[in-house]
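Visitor: Just passing along the structure, written as structure tokens.
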Amino acid sequence: MSNNLVLVLNCGSSSLKFAVIDAQTGDDQISGLAECFGLEDSRIKWKINGEKHEAALGAFTAHREAVEYIVNKILAEQPELAAKIQAVGHRIVHGGEKFTRSVIIDESVIKGIEDCASLAPLHNPAHLIGIRAAIASFPKLPQVAVFDTAFHQSMPDRAYVYALPYKLYREHGIRRYGMHGTSHLFVSREAAKMLNKPIEETNVICAHLGNGASVTAIKGGKSVDTSMGLTPLEGLVMGTRCGDIDPSIIYHLVHQLGYTLEEVNNLMNKQSGLLGISELTNDCRGIEEGYADGHKGATLALEIFCYRLAKYIASYTVPLGRLDAVVFTGGIGENSDLIREKVLNMLEIFNFHVDSERNKAARFGKKGIITQDKGTIAMVIPTNEEWVIAEDSIKLINK
């Protein structure tokens, strides 16, 4: 364990993920989750030295109390480890066009995150609560913001401008921003290492597949196109999100079927995707079980999920010009050999040949190439967003 430890915080609206990460190795010394904020059964769970712990936070507690518990209880019982924490790194979902890289947090940065809240109304306000709680609990430690959208700021305007009146972009910032940037950045770097190529000469298509999912075309280490848009709703079929649809469906739902706009937003974000198609579950594991049992809804959901993903991967060869590898990551990407095989079989025109044994072996945290030695390469790389946040935090405070 080095002296370059970073406490990484990822604040959601009703939960807080945390980890103490060694910026040199990426190893987590402590990892945990505080959840059910605002409810009677608010709890915190954590793991240290392989041992799992759990405690009640108290009824109706939230981010501030969770951070205080981390400081006054968990870290207080590990004084040697706590003494090596050099910074607090915060994952921030949306930085708009204002933030193109990670930054040390000051009042102007907090104001900038507030200004971007309309682009991520569920996430950015929660991040701000976490930042303020961390500043109160760690007044002497530098705080660093790492933005999911920053990696995609290298996209050319032909990739991020929507075919709407241009003044909507100019005056209101309505454009493609993309998400999962920290994950795509990490995985593309690891892919270059596996390919034994400089990142500047590596072209990959990265599929981050979880309950939220996105694909990014990465050319020479830079994002040149990505599937999520102004918000995380655009692009792939996801657990409960619809991804790409005809925008006129919204008009039809409101004016023909009597939905309110709030109901439409809830339908597209929380009732659609794998859940909506299958009428069974949003969990990919449940979808695969249903598929194996012959469940029609699960089978259709799986086919649409894979087909949409394959189409996106195929289209992203256009901005790359040359494809070195397709990379799967995220909970589904790292663990579903079935989905990987289905998608790559749909991309046979690109000369992918799945090695069944390699594909089945690349699960549960194991990385590796999953195609045969002939043809185009596909690989699995477990993501580690926390490591990127820790690395960026140490680099910034040492400048």
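Heads up, the Cβ atoms here are built off N, Cα and C, so glycines get one too.
Below are the features listed in Swiss-Prot for this protein:
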BINDING   Asn10, Glu385  Mg(2+) binding site
BINDING   Lys17, His208, Leu209, Gly210, Asn211, Gly212, Asp283, Cys284, Arg285, Gly331, Ile332, Gly333, Glu334, Asn335  ATP binding site
BINDING   Arg91  substrate binding site
ACT_SITE  Asp148  active site, proton donor/acceptor
SITE      His180  site 'Transition state stabilizer'
SITE      Arg241  site 'Transition state stabilizer'
Visitor: Which ones are near the residue listed as 'substrate binding site': of the recorded positions Asn10, Asp148, Asp283, which have a Cα within 10 Å?
Guide: Asn10, Asp148
Visitor: If you measure Glu334 (ATP binding site) to Arg241 (site 'Transition state stabilizer') at Cα, how many Å is it?
Guide: 20
Visitor: Going by C-alpha distance, which of the recorded positions Asn10, Asp148, His180, Arg241 is nearest to Leu209 (ATP binding site)?
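Guide: The smallest Cα gap between Leu209 (ATP binding site) and any of the recorded positions is with His180.
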Visitor: Determine the minimum-neighbour residue: among Lys17, Arg91, His180, Arg285, listed as recorded positions, which Cβ has the fewest other Cβ atoms within 10 angstroms?
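Guide: Taking Lys17, Arg91, His180, Arg285 as the recorded positions, the minimal 10 Å Cβ count falls on Arg285.
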Visitor: Reduce the DSSP letter at Arg91 (substrate binding site) to three states and note it down.
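Guide: The residue in question, Arg91 (substrate binding site), is strand (DSSP, three-state).
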Visitor: For the residue listed as 'active site, proton donor/acceptor', which residues in the same chain are close in space, meaning a Cβ under 8 Å from its Cβ, but six or more apart along the sequence?
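Guide: Listed in sequence order, they are Arg91, Ile92, Val93, His94, Gly95, Met179, His180, Gly181, Thr182.
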Visitor: Grab the ATP binding residues from the record (Lys17, His208, Leu209, Gly210, Asn211, Gly212, Asp283, Cys284, Arg285, Gly331, Ile332, Gly333, Glu334, Asn335) and give me their largest CA-CA distance in Å.
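Guide: Spelled out: the longest distance between any two Cα atoms in Lys17, His208, Leu209, Gly210, Asn211, Gly212, Asp283, Cys284, Arg285, Gly331, Ile332, Gly333, Glu334, Asn335 is 23 Å.
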Visitor: Between Asn211 (ATP binding site) and Glu385 (Mg(2+) binding site), what is the CA-CA distance rounded to a whole number of Å?
Guide: 16
Visitor: Work through the binding-site residues one by one (Lys17, Asp283, Arg285, Ile332) and name whichever has its CA nearest to the CA of Glu385 (Mg(2+) binding site).
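Guide: Sorting the binding-site residues by distance from Glu385 (Mg(2+) binding site), the top entry is Lys17.
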Visitor: Just name the winner among Asn10, Asn211 (the binding-site residues) by count of other CB atoms within 10 A of its CB.
Guide: Asn10
Visitor: Please state whether DSSP places Leu209 (ATP binding site) in a helix, a strand or coil.
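Guide: Once the DSSP labels are grouped into three classes, Leu209 (ATP binding site) ends up as strand.
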Visitor: Give the number of CB atoms, excluding that of Asp283 (ATP binding site) itself, located within 10 Å of its CB.
Guide: 16
